[in-house]
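> Structure provided below as structure tokens; questions to follow.
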Amino acid sequence: METFYQAMRRQGVTRRSFLKFCSLTATSLGLGSAFVPRIAYALETKPRVPVIWLHGLECTCCTESFIRSAHPLAKDAILSLISLDYDDTIMAAAGHQAEAILDDLIKNHKGNYIVAVEGNPPLNEDGMFCFPGGEPFVEKLKRVSADAKALIAWGSCASWGCVQAAKPNPTRATPVHQVILDKPVIKVPGCPPIPEVMAAVITYMVTFDKIPELDRQGRPKMFYGQRIHDKCYRRPHFDAGQFVESWDDDGARKGYCLYKMGCKGPTTYNACSTVRWNDGVSFPIQSGHGCIGCSEEGFWDKGSFYDRVTSIPQFGVEANADKIGFTVAGTAGAAIAAHAAVSAIKSTMLKKQDLQPLDAAAPAQNKDKNEENV
Amino acid sequence: MKSYGFDGNAPQGLGRKVTSVYVYEAPVRLWHWVTVLCIITLSITGYLIGKPLPSVPGEATFNFVMGYIRFAHFTAGYILAIGLIGRLYWALVGNHHAREIILVPVWDKGWWKEFFFEVRWYLFIERYPKKYIGHNPVGQIAMATFLWVAVFMCFSGFALYGEGLGTKSWAYQAFGWVISAFGGNSLTVHNWHRLGMWSIILFVMIHVYAAIREDIMSKQSMVSTMISGFRMFKD
């Protein structure tokens, strides 16, 4: 079987470029220089692992991101390799030809291929809301995944559900890990994920033939181990207490922290603030807009992108923790004041009533006695 | 049937006798006031972490406003958590009043009878209050609820703190699962942590009011009991 190196050479990649790719990959994976020859050796000798790229309910932004991977060789090599296998969006074949390739892949590489899923299966109406190649996507996903080695969930759609799963989720779009329960699912969330992150994750898996180290939620630790906030270049302004108070104010011009403008950097695990986008040119915060937390679970349903204390839909429209808190505390304060007033009245009345009988009781008793005497 | 309070209702006229019972041992009192200071610090700094103060001028190098606020919050959080552990320990080794707010006898019919008596007392239906050496049943429920909220605040707080410390930190290792339990987006945990703050503020308002009111209306000491440890019955 063809190795990666052979496939790359066939695509016109020089050995020099190949070694550059290996060192870039080692760096982006956070591995030392000693790993460069190991990656090269693995790519030269191991038969390449087939990758099947499936498209469910999605917008193809993951693919758009992936084909813009800034390390040119990552794009050329990996994309070429994948297009040789199956990716109905960018492969040369179409229609029955394409589906025939998919059937062949499943048969010939049973238990040995990786399924990369972009988008997710909608489950309502027996999956009829997504119907590629004449079968519901949920069935296609289950059929292809049955003999897979592992699954990669590309983007927030496959990882969490994203916009199509936002309330009220009419198609019941469901993330991949809730449908495929018997295979490891590696989540690479983001809307879209960073191209270099996608390329590196897939390279790691086909190079080392194992799953990268995952965090509690199934994301590769090497790219999702830290929050945007932790490596944000505006972090010193956060610690200093210097914030953008409104758009285009002095703070915005000085590049202050966007925390008050609702930046979700403190709750978002992704590599944007380190890897950045478009060949490391920029990322949202650098462009002056807060992070919207697109790689986090249910980010569409967590209130405004522009509030720090976000609204809680369960408590009504536009209610956030502070509004609820002030309302409850205010009501309680009024209730306490009213209760205290009634208590004071009661005390006064009791004092009058209790003290009177003590004085009045004596004559009353005497009166009774008098009557008895009579 | 075991009785929890005693009937201190009818006024006994002149020649009132002041009796006192030692209720709250020193560690309980210390815990109470340390927790008070922690709650004040945590609420103010916590509010300001969600809604920060206006920006400070000057270079970021020479300012650390948000840093100090967060430091105060985390330190007070540690103290609150250590205090809670200490308080739970004291519930095991202290006198039986130390257990009242942790083990609420909800299985006891007599306790419920007195609970509803207290509810009626607070609704002005009962003419005279009962007297309790320790907590009355409504107070017991309120305190137990506060303890659970405080425990939740520690769990959610350390989970969020662990995010800042990093995934290898003890806090993330021990409490990071809380974030997963809330669905995975720590924004949700932030929201619940803030609602927890407001529920504690609500508790404090009612707690302080009820204590002062009982001190006056039930003719038994409440506020000074948490200072001296002795409950005094004034008639």
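Backbone N, Cα and C atoms are what each Cβ position is placed from, and that goes for glycine too.
Heads up, here are the entries from TrEMBL:
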SIGNAL    A:1-42  signal peptide
BINDING   A:CYS59, A:CYS62, A:CYS157, A:CYS191  [4Fe-4S] cluster 1 binding site
DOMAIN    A:59-204  domain 'NADH:ubiquinone oxidoreductase-like 20kDa subunit'
DOMAIN    A:224-305  domain 'Cytochrome-c3 hydrogenase C-terminal'
BINDING   A:HIS229, A:CYS232, A:CYS257, A:CYS263  [4Fe-4S] cluster 2 binding site
BINDING   A:CYS272, A:CYS291, A:CYS294  [3Fe-4S] cluster binding site
> Other than A:HIS229, A:CYS232, A:CYS257, A:CYS263, which residues of the chain come within 8 Å of the [4Fe-4S] cluster 2 site, judged by Cβ distance to the Cβ centroid of those residues?
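Residues close to the [4Fe-4S] cluster 2 site, other than A:HIS229, A:CYS232, A:CYS257, A:CYS263: A:ILE228, A:ARG234, A:ARG235, A:PHE238, A:LEU258, A:TYR259, A:GLY265, A:PRO266, A:ILE285, A:GLY290, A:CYS291.
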> Could you tell me the C-alpha distance between A:CYS294 ([3Fe-4S] cluster binding site) and A:CYS59 ([4Fe-4S] cluster 1 binding site) in angstrom, no decimals?
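A:CYS294 ([3Fe-4S] cluster binding site) and A:CYS59 ([4Fe-4S] cluster 1 binding site) have their Cα atoms 14 Å apart.
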> For the domain 'Cytochrome-c3 hydrogenase C-terminal' (A:224-305), would you mind checking the mean pLDDT of the predicted model?
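Its mean pLDDT is 94.
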> Please work out the number of neighbouring Cβ atoms within 10 Å of the Cβ of A:CYS272 ([3Fe-4S] cluster binding site), leaving out its own Cβ.
24
> Return only the integer: C-alpha distance in Å from A:HIS229 ([4Fe-4S] cluster 2 binding site) to A:CYS157 ([4Fe-4S] cluster 1 binding site).
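A:CYS157 ([4Fe-4S] cluster 1 binding site) has its Cα 23 Å from the Cα of A:HIS229 ([4Fe-4S] cluster 2 binding site).
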> If you draw a 10 Å sphere on the Cβ of A:CYS59 ([4Fe-4S] cluster 1 binding site), how many other Cβ atoms land inside?
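Summing over all protein chains shown, A:CYS59 ([4Fe-4S] cluster 1 binding site) has 17 other Cβ atoms within 10 Å.
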> I'm trying to understand the geometry here, so how far is the Cα atom of A:CYS263 ([4Fe-4S] cluster 2 binding site) from the Cα atom of A:CYS272 ([3Fe-4S] cluster binding site), in Å to the nearest whole number?
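A:CYS272 ([3Fe-4S] cluster binding site) has its Cα 13 Å from the Cα of A:CYS263 ([4Fe-4S] cluster 2 binding site).
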> Can you tell me how many other Cβ atoms are located within 10 Å of the Cβ belonging to A:CYS157 ([4Fe-4S] cluster 1 binding site)?
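I count 29 other Cβ atoms within 10 Å of it.
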> Return the member of A:CYS59, A:CYS157, A:CYS191, A:CYS272, A:CYS291 nearest to A:CYS257 ([4Fe-4S] cluster 2 binding site) in space, with distance defined Cα to Cα and candidates limited to these binding-site residues.
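So, of the listed binding-site residues, the one sitting closest to A:CYS257 ([4Fe-4S] cluster 2 binding site) is A:CYS291.
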> Write down the Cα-Cα distance for A:CYS232 ([4Fe-4S] cluster 2 binding site) and A:CYS62 ([4Fe-4S] cluster 1 binding site), rounded and given in Å.
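So the Cα of A:CYS232 ([4Fe-4S] cluster 2 binding site) lies 24 Å away from that of A:CYS62 ([4Fe-4S] cluster 1 binding site).
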> In whole Å, how far is A:CYS291 ([3Fe-4S] cluster binding site) from A:CYS157 ([4Fe-4S] cluster 1 binding site) when you measure between their Cα atoms?
18
> If you count other CB atoms within 10 A of each CB, which of A:CYS232, A:CYS263 wins among these binding-site residues?
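Counting every other Cβ within 10 Å of each candidate, the maximum falls on A:CYS263.
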> Rounded to the nearest angstrom, how far is the Cα of A:CYS232 ([4Fe-4S] cluster 2 binding site) from the Cα of A:CYS59 ([4Fe-4S] cluster 1 binding site)?
28
> Using DSSP and collapsing to three states, where does A:HIS229 ([4Fe-4S] cluster 2 binding site) fall: helix, strand or coil?
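Reduced to three states, the DSSP call for A:HIS229 ([4Fe-4S] cluster 2 binding site) is helix.
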> Just give the helix, strand and coil counts over the domain 'NADH:ubiquinone oxidoreductase-like 20kDa subunit' (A:59-204), going by DSSP.
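Grouping H, G, I as helix and E, B as strand yields 72 helix, 22 strand, 52 coil.
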